[in-house]
Each structure stands twice: as C-alpha cells, then as structure tokens.
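One structure is given here, and the rest of the page talks about it.
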Amino acid sequence: MPRRDDIKKILLIGSGPIVIGQACEFDYSGTQACKALREEGYEVVLVNSNPATIMTDPATADATYIEPLTWQIVEKVIAKERPDALLPTLGGQTGLNVAMDLDANGVLEKYGVEMIAANAKVIAKAEEREQFKQAMDKIGLDVCKGFTVRTLADARKALAEVGLPAVVRPSFTMGGSGSAIAYNKDDFDSLVQNGLDQSPVTEVLIEESIIGWKEYEMEVMRDCDDNVVIICAIENFDPMGVHTGDSITVAPAQTLSDKEYQRMRDASLAVIREIGVETGGSNIQFAIEPDTGRMIVIEMNPRVSRSSALASKATGFPIAKIAAKLAVGYRLWELPNDITQKTKACFEPTIDYVVTKMPRFAFEKFPEADATLTTQMKSVGETMSIGRTFQESFQKALRGLEVGAFGFGSDPKDLWGTEDQPSRDEIRAKLSTPGSERVFYIRYAFKDGMTAAEIHSLTNIDPWFLDHLQQLIETEDNLRAIGKLDAIDVDTMRDAKRRGFSDRQIATITSKTESQVRAKRLEMGIRPVYKSVDTCAAEFEAFTPYYYSTYESETEVPAKGDKKRVVILGGGPNRIGQGIEFDYCCCHASFALQEMGIESIMVNSNPETVSTDYDTSDILFFEPLTIEDVLNICDAMQPDGVIVQFGGQTPLNLARGLEQAGVPIIGTSVDTIDTAEDRELFSSLIDELGLRQPPSGIARNMDEARVEAKRIGYPALVRPSFVLGGRAMEICYDHSQFARYVAEAFIVADGQPVLIDRFLEDATEVDVDAISDGNDCVIMGIMEHIEEAGVHSGDSACCIPPFSLTQPVLAEIRDATRKLAARLNVVGLMNIQFAVKMEGTQPTLYILEVNPRASRTVPFVAKATGVPVANLATKVMAGKTLKELNVTEEPIPRHVSIKESVLPFRKFAGVDIVLGPEMRSTGEVMGVSELFSIAFAKSQLAAGTVLPESGKIFLSLSANHKEAAESLGKSLIELGFELLATEGTAVRLEANGIAVTRVKKLSEGHPNLIDYLKNDDVQLILNTPSGKGARTDEGKIRAAGVQHGVPCITTLAAAEAAVRAMVAMRDTPMEVESLQRRYAQNV
C-alpha cells in the first residue's frame, strides 16, 4: 500500500475548550484520527488544552501535551518532539488557526515540519473570503455579491454596492463569531467594527443578504489520486439567516429534486478540486433561491467540522478516521468500510432512514441576551435522532432535546389549551422571528387554524416540511376524537407510534399515565424493533452493532449470549452544567466493562461525542434518553445492570422509574442518590455523623420561604432542588432580592421544593472526588477553588494539590469524606463540596453538598493525577474491590494542575459577566507546571485571558476590598503598568502614594473607560462588583471589555492569582512537558 514511510512522527493540534461553535465533535474526530494513525504505526504527538477529552488521555497519543493553544507554546512542543508532519484539519477552527500561525511565523520551515492533508495556501484559499470568491468565479459557480474589507471606511463603500440588509462575515472565525445581519446604517457600523475585532486577520466580508433561501450542506472526501466521494447531503429545516449550527437539519436532503442534487454534487466536486484540499474531508454549504432555483456557494470548511461529526453518525461512515488515513497516502479504494467489511471507503453511503439534528440552547442562563437566532451561532449542544420517516425522526429529536417536550406537542411543554396559550398575534411574531421556540409555534399556528401556506410566508420553511408537521397535528386530532385509551385500536396505535408519537403524548391526549399507555401498547403486541446503521441501505450485512428504533416487523439486534451485559446511559445533548466531562466518564465506563469481559451497551442521543462512536462500546443505541426509550432497549437486550452514575442529571432522573420497572441499577442505590438530594434526610444524616452544614431550610411555597429566610438570615443562597449547573441559584443580601429570586426558583423547581441556605461569605470552597466500594473509600483528588465560595464550582478555577489548606484541615476533609461514603453506602464515584471558613482564628469545615455520582471534575482529576478514575469506579460498580484493583492510597502529584472555566459571553453581547452561583461556563482548560503561578498563567492563556506584559490596567474594587486594592495597585506599578481608576478607587490609591489616571464613570461623560476600550488603550480590567446586572455602570464596562476582547477578572482571588502569575512570568519562562513524562516523575 502506498502509505507514506518518509513520515514517522505526526503532530495533531486539538480544538481546545468546549465553546459555542466548537464542541465535543472535535474530541470525537481527534480521538479517531489518533487511533487511525497509531494503527498504521505512526508516532502521534497531541497538543490540546482541554482535560475533559478522551483525546488527551495518555493512552490516546504517544506524547500528550495539555498546554495552551498558541503558536508560541506549540513551537516549544515542536522543538521538543521534532515531528515530521502536522495534520491541521482535525482540531476545528482553533487547530487550523494555530497551524496557520505556525506557518506564518516560520516555525514549520525552521523545524522542517510538513503540513499534510491541506497546506497553508489551501486553507487561506478556503478561509479568506476574497480568495474563495475568486476561486468560485474561476470555476463558474455563483457566490453572494460581496466585498472583503479591512476598515470601516471600505465597508461603507461596499455597502453602497451591496445594499441593505447586508451580511457581515469575519474571516477565520468559527460558529459564525462576529457575523451578523445589518438592517440599517447605524447598526452596520457597529457590526462591522465587532466583526473586524473578532477576525484574527482583521478582515470581514460584506455581502448581499440571501435570508429566506434554502440551505444545504455537502460532506465531501478526496484522496491524493483525486477520487472524490459525497458522504452525505444535509438539508436545513430553517432557511438562510439562521446559522447552520442553530438550525434543525435533516439528512438525507428531503426537498431536492434529483436534477438539483446532481448539480450540487457536481459543484461540490469542482469546489474541493479548485480549492485544492489534497486529502480528507470538507464541508461545503450551498443556498438555493426557491422561486428561481439559483444556486450559490456560501462557504467551505477545508477541515473536519461539526457537520462532519453529524454526517459520520448519520451514515456510519467514520469521516475523521478515513481523513487521517488519506492524509498519509492511502486511497479511498484501499480502505475497508468497518461496518460492512466488504465494501471500500470509495462507496458513497446510502441510507434508508431519516436523521434529524436539533440544537439545544441555554438562553435561560443569559436572560439579558438577545434570543433571536441569526448568523452567529448561539446553541450550546445538539441531539440527533434516527427514524424510518421524517415524522418519526422529528418527534424523536424533540424528545431527545430534554427540554420537557416529548414530541410535537401534547406534553408538559405544550402551551396549547393552557392559560398561557398564545394569541394569533404572538404566534405570527414568533414565526416571523427565528428563535429557539419557533418549532413549537408552528404547532400553535396549525392549532389556531393557520394554513401551511400562511406559515411558509412567515417562516420561509419549505412547504414539504410543513405538510408533514400538519399531518402530525391531524394524527393527534384523530387520537383526541377517539378520546379513550381503551378505544384506540391496534392499527391506530401502530400508526401513531410509526409517526413518532411517544407514550407520554398518547397519555396526555387520553388523560392516562405513561405506564398505562405502555401496558396497553405491550398488550397489543406493539414494540419497537431495532435497525442497523449500515452505510448501504441493507445491501450488505452490517458487522458493527449500531442501532435505532422504529415500529416495523423485523428486528436486527443480536440475541443475548453467555456474556454479562451492562447498559450505560449517556448524558444526551450538551448543555451548560452537563457536558463533555460526563461523556468522558461514560466512555471510560465502556472501556472498563470491556476489559472485564462484560458486554457494554451505550445509549445516547448526542452526535458530537466519543460515546456515540460505533467502536466505543460493544453495542450502541442512538436513542433519546427517556424512560420509554430506555425501557424498550432494556426489554430487547435484557441487561444484567444499568449504570446511571456517569451521564449527569439525565440518567439520574430516570433511575427511579427504571428501578420500579424491575431494571437492576448497579453501583450506588437509587435510595442513596435520593437521600443525598433530599435536603431533610441529608441534614439529619449530617447531624448523625457529627459534621457541620450551613444553617438551611426547605420551602414548598412563598410563605414557608419567608419564614425560613427570617430564621436563617442574610446573605442567603436560594436554589431549586434536583437541578444541575446551579440553575436559578442566587445569593440574596436583603429581603427585596430574596422575594424576587425565590419566585423564580419556584417556577424552575416545577413542583419540587426550594432550598434556602445561609451563604458563607469569604469561605474557601473545596471539591473532593472519591471512589468507594461499599467498605473502603479512597480519595482521588482534593481540589481547592481559587474563587471564593459563591461562584458555582463549575465556573470556578480549582487547583490540585490544594495550595493554602493546612494539614489539619485536609485531615478533617479526608475523615469527613470516608464517614459520608460509609454512611451512604456509596459504590462507585462520589463528589463532596466543602467550605472552609475562618471563624475567629480557627478554620471551620462545612459540608455544602454530596453527589454520589460522577462529577464534572472527574476528567480533570484523572489528568492531574494520572489515575483512570472513571475506569476504576466502573470496575468497583461491576463487583471488584479497591484492594483487588490495588487502589489504596490517595494520589498526590508533584506538579500543580489548575482547571479554569471558559465562558461564552462574547456570543451574548451586553450580558454582565459577573460570576455567581448559577453555572454559565461551556468548557474548561488546564494549566500544568511545577509552580502555582505559572500553572495559573497557563490556565488563563489557555482560556483566552492573555495576561498583559505592559500597558494600562483598569482597577475598580468594591468598598470591602480596600486593602486588596492598595496591594494590587503597588504590585502592578512595580511591574511597570499604568493604572486607570474611577473616582472612589483613585482616591484610595492616591492616599497610599500610588500613581493613577482618573477616568470618568459612564454617567459622568467622557473620557470614560469605554472610550479607552474603543481606542485599544486598556489591556486588563480588574473589577470586583459592588452591583450586578448589565444595566449598572460596572456591568456595561465588563460587557464592553468582553466585546473588545480585553480580559476582565471579577473576583478578588482571581485578581490576586493573576498578579502573582504576571510577576512569575517576568522571571520564569513557560515550559512544556508531556503527561506521560509527568506521570513517570510522580511514580
């Protein structure tokens, strides 16, 4: 085979932290690529900053560097490892941009590193808007009329040619960052300036608007012999104007005529050849004007993308794996198809089912943000479903979103027929403006008597889709007319199930319970069957067990053999509070079961993840995580147990229902999980063990809440029970705040009680992850938080080993952990959050909460210590003892590891960025060094907070941080920085002999801090808030800082750590080291 033997060592650059526009799909593609290249005998060096990935496991690559993704840091890795080649196309936009920077700064030439799959010229031709336009003109393909500009003056000239509305698109960004639609000249100027700021090359394209056109994507692969195949054609349900990452998408394309498809296919082949992507996958986006059929090319990603992951999962064709092998010289016809084992990769996949992807949003976390969907991506996750028909697939996707919908209406989310039923005017407004709820308003429009033609005129959604949704309403109306469950006959029930109606919807329509509908359905002999995802529409036998459910006659799942079977329930779509960290745990659970000779069965609905790769588990079910879908799988597979500990809140919410249906839950019991969540039971348990908790109470209504607040006192922490990610959690400092926040907490709690705790001000928060086998408990990691208590643990930076806790406090933490594990009879993972508060001269330990499940810190602990925490916990749950696994001592590394959170504020203009008890981060990074200060500096750099070496720093600390302001000010002056401050802080600093330039508050006129930001004349903002919210002066300053790309630190502890890091960076260079070498030094 003609694979390249002149290359021995290959560098892969990962995509960094999970952010909006770039999520787990790049962990999936990078992991596949590492496996594929090592399979071929190449040595793989990986650089990535995200510890929560399978890609950064020490077993995935030969040398793994968890380091910031800047060209300067990657150069140090290259100098140390001396790779022969760099594969830049599998790390998303981040990896591509770092590769381009390495090339532009002469690093690749200096060390003789060859870029494979796509070189810098090819990447620039695809990514730079003007070059791409010229390339399309050359091959006779139409593009939007547009002009590439680098200044606002040139943008205004372009607008005169293009006209309004106009689309602003920055070059070299992902997830549509900085892209927007301008409807008037005033907006245009600010949108262009923002676009220029966000483009790493300060370049934007001003182009004609094609809002309302139909949008399509083609996934294309090419090898070095110029063989090109189309993997998948994807159609956007939402028309142009909504970023494809925020659109509902369907595969295969449903509304293209054969002639249109062939024209688009021919164009795709021409594009990939003209741009010159030598090998691998590319994603090409098209728009079609529905009335004239005019087709234009929108853009091309010369790399594996979010859509590539979707196309891989939709077809079963492993795009990233094949792309990696093509990059080292293989041809498509030489590579076997893993699924059929008979066909080759040059066979274009054919599918006999319909796939629907739906985006998941988090606007509830950012109430001040504009929730309109535009050309800039805002969704934080997605779910994918597979069905035999569009209707079945569409309804399964809606229930896979986990937003309270169990299909297209007739469920707890449905407003129709309630007191909140929208009016005709509200419906028309929601249809004409794209938003996350628009799909539900299409239902209300039909229920209100609007026609498909009227809905099309308001939404531009293709009539074919609307006709199918109208048929779902007709089926629902038919069921309502029948009325009683017992009156529904077999044919009607089967027809409803084939159209994707859930038992929950039928229960709502017939006023019965879900379990009654399930019993009736089973009595009728109506069960789902499971079909294979096989790449070939059943033409060849499939050898990889990858299944979806549908209501037909013949099932394809294998009968149970001699092996034990265990089901792992995944986490569903990413959301803030439940993301890649839990998928990491699910993957390790599967690997551990396989090592023990137990058949692992993965159930998940997230197309971005490694857990839904067909070779992560023995059997994969791509299904929504609802009680109905999971019980159906358990009926078909007869597992010996189900793991609910690893997928976050989603599987925990199903645990009780599964247990009641007779499904065995392995590991910690459901009763223990409930005890830890039940405030009253847990409080009495804490008292029984002689441990401390902050004073707390529980309220089921507003009157009880007032009584509890009076007893507990302020500041008080208010939160609903049974939620993840601190949803609707707030700190209240007085009664008026309390009344406002408690009302919201009751809405979110949805019938569950609201919890009220005394908030411990100025306490240090500590996270502990441990494994217990029911007898012994071993601590895996003690993490000290850098931000004080009150910032959600998911948003706070934390450090292993702890940096300020005394040995007596650590001993007390260890003792409390063991007591709790024993009393709760934990089998598997456990996470405890402690707070240490100085009371007089003595530190006092409080227990904040206990979670007898995987926490989001498990991957970080595993990377910091080198211990495969989730793998060991799974083996304990499957019956091994810690002694049998030789796990007896807490691992304490010699190096310092700091986890830092990454926040999405740049996508939500105008939102105040102050951190609080509700989690808002989308991802995380890790900084590693022998020194705390350098590890912290690395974590900041990796998270995008570039600590400056010179320039101006705005310092504004609240009144209770006076002394800290003085010491920070002195340190910054000694480092050579110039200080800016408003009146109050300036007076304090000057009184202590610290030179400062005064700036006016926004309300006082000019020059104020926003003027400095606009002039690029401030490099860092250190601001601890005295007030919160985007409407305050401070809030506006913080939000403006984010939009201008200026780092903004809002807690005193982080500000002090940042100044320590800036001092250390003067004297100590950032060194890089692989995890494998670090772990060897710990032994």
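The backbone N, Cα and C atoms fix where each Cβ goes, and this holds for glycine too.
Counted within 10 Å of its Cβ, the other Cβ atoms near N301 (Mg(2+) 2 binding site) come to 23, all protein chains included. Annotation comment: Swiss-Prot describes E299, N301 as Mg(2+) 2 binding site, evidence class sequence analysis.
Under the three-state DSSP scheme, N301 (Mg(2+) 2 binding site) falls in the strand class. Summarising the annotation, Swiss-Prot assigns Mn(2+) 2 binding site to E299, N301 and lists sequence analysis as the type of evidence.
Taking the Cβ of Q833 (Mg(2+) 3 binding site) as reference, residues of its chain lying under 8 Å away and at least six apart in sequence are, in sequence order, E765, V766, D767, V768, S793, I847, L848, E849, V850. The Mg(2+) 3 binding site annotation in Swiss-Prot covers Q833, E849, and the record cites sequence analysis as its basis.
Swiss-Prot lists 133-328 with the feature domain 'ATP-grasp 1'.
Feature annotation from Swiss-Prot assigns domain 'ATP-grasp 2' to 683-878; the stated evidence is sequence analysis.
The annotation domain 'MGS-like' is assigned in Swiss-Prot to 945-1083 on the grounds of sequence analysis. Summarising model confidence by region, the domain 'MGS-like' (945-1083) averages a pLDDT of 87.
According to Swiss-Prot, the region 'Oligomerization domain' annotation covers 403-557, on the basis of sequence analysis.
Residues or ranges marked as region 'Allosteric domain' in Swiss-Prot (evidence: sequence analysis): 945-1083.
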Once near-sequence residues are set aside, which residues in the chain of E299 (Mg(2+) 2 binding site), 6 or more away, have Cβ atoms under 8 Å from its Cβ?
F132, I284, Q285
